[in-house]
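What follows is one structure encoded as structure tokens, with my remarks underneath.
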Amino acid sequence: MVTLEDLKQIVKPKLKPILWDDEKNVLTLLDQSALPFQNNYVDVRTPEEASLAIKLMKVRGAPAIGITASYGMVLSLISSKPSSLEDSISILERAKKVLDMARPTAVNLTWATSVMLESSRHAIEQGEIKSVNELITLLKVQAKKIFDDELEAELKMGLYGLEKINDGDTILTQCNAGGLATGTGIGTALAPIRVAHALGMRISVIAPETRPWLQGSRLTTYELMTDNIPVTLIADTAVGLVMYKGMVNSVMVGADRILADGHVFNKIGTFKEGVIAHELGIPFYALAPLSTFDFKSKANDVTIEERDADEVRTVRGIPIAPEGVKVYNPVFDVTPPKYVTAIITEGGIVYPPFEKNSLKLLSKER
Ligand code: MRU
């Protein structure tokens, strides 16, 4: 029986996508917009820089943007040097607005900035801190906790997800829901795959390219090849055929937002994988930490991000369509609960009916 402690020793990813320097007060991000062609790191010193890095997708993936935003909150106080605790709260409120508007769909972003703001207010109200320096120290601890909790949650999802993997399986994923997307080097959908690989199971991954931003071809393949996990790249249009031909044992995807009733918001293309998997009797799992759950919204309330038309008109700067062609570029979709076999979180595996079972899980976890 493998334990969480065992996993901490044996799952050792090589990539370090997010680094915080506590002496210099600098957040350093592996620039995902340049991978795998260049291995550049960018330094972030203000909430505005953090927000821009999220908007330009130098850092991307729901948990990774949550972690970046939490350090963006720390940096707001360090860069503005407020003179009082009252001013500190105004600065944090402003930083939260700047960070929250970077991208709309992943709930981890607003979740992380809310945790940072609320823990500051709480500590001040309770008299636990008396100075701006003490508040900065508290927020550094809180941001590190968000990062550390994410890592722990991913290892737990890895263990739960392992129950759904057999030796020799091939798993289809979507986008990049690996260590790059979470900042930890492990990932959500890729966590059980990393665990199975570390335990010596023969396992392989099929990665659709994930047009238009190519997270699958640029990032998932790079991340898995770096850690010697077998991966095959396919065009997005090949998804149906590989499933129909019996080449896929299960689908494992991440999520940017999961509603209480089991609607899963994830990278564009996920919905069709859910429908095809359902039609062909292939299990479809969404893996996400509880920070990705949104227990308040209904499916129609959620904003699906639309990005620049040139992402579709070009491939990495090279035109592939007539200049000025009209484009629609939604970058997430929603998979209704009917197509979701189970949702795997750090608290356990949630099966339908999701409304009842996810609320039960949440009350157990918090
Ligand atoms: O637009 P992106 O690259 O930020 O979208 C990322 C995804 O859709 C991921 O699947 C999701 O954030 C889960 S990450 C572990």
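Each Cβ is built from the backbone N, Cα and C atoms, and glycine gets one as well.
DSSP classifies Asp256 (active site, proton donor) as coil under the three-state reduction. Cβ neighbour count for Asp256 (active site, proton donor): 32 (other Cβ atoms within 10 Å of its Cβ, all protein chains included). Residues annotated as active site, proton donor in TrEMBL: Asp256.
Feature annotation from TrEMBL assigns substrate binding site to Arg60, Gly61, Ala62, Arg103, Gln215, Asn266, Lys267. Spatially close to Gly61 (substrate binding site) yet at least six residues away along the chain are Ala106, Asn176, Ala177, Leu180, Ala181, Thr182, Gly183, Gly254, judged by Cβ distances under 8 angstroms. For the recorded site, Gly61 (substrate binding site), the DSSP three-state label reads coil.
Here TrEMBL flags Cys175 as site 'Transition state stabilizer'. The Cβ of Cys175 (site 'Transition state stabilizer') lies under 8 Å from the Cβ of Ala181, Thr210, Gln215, Gly216, Thr220, Val253, Gly254, Asn266, Lys267, Gly269, Thr270, each on the same chain and at least six residues away in sequence.
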Taking 10 A as the limit, how many CB atoms besides its own sit near the CB of Asn266 (substrate binding site)? 29
What does DSSP call Gln215 (substrate binding site) in the simple three-state scheme? helix
Including all protein chains shown, what's the count of other C-beta atoms within 10 A of the C-beta of Arg103 (substrate binding site)? 22
Going by DSSP, is Asn266 (substrate binding site) part of a helix, a strand, or coil? strand
Long-range neighbours only, meaning 6 or more apart in sequence with Cβ under 8 Å: which ones does Arg60 (substrate binding site) have? Gln32, Ile54, Leu180, Ala181, Gln215
Across the listed substrate-binding residues, Arg60, Gly61, Ala62, Arg103, Gln215, Asn266, Lys267, what is the farthest Cα to Cα distance, given in whole Å? 17
Once Arg60, Gly61, Ala62, Arg103, Gln215, Asn266, Lys267 are set aside, which residues in the chain still have Cβ within 8 Å of the Cβ centroid of the substrate site? Ile65, Ala106, Cys175, Asn176, Ala177, Ala181, Gly254, Asp256, Phe332
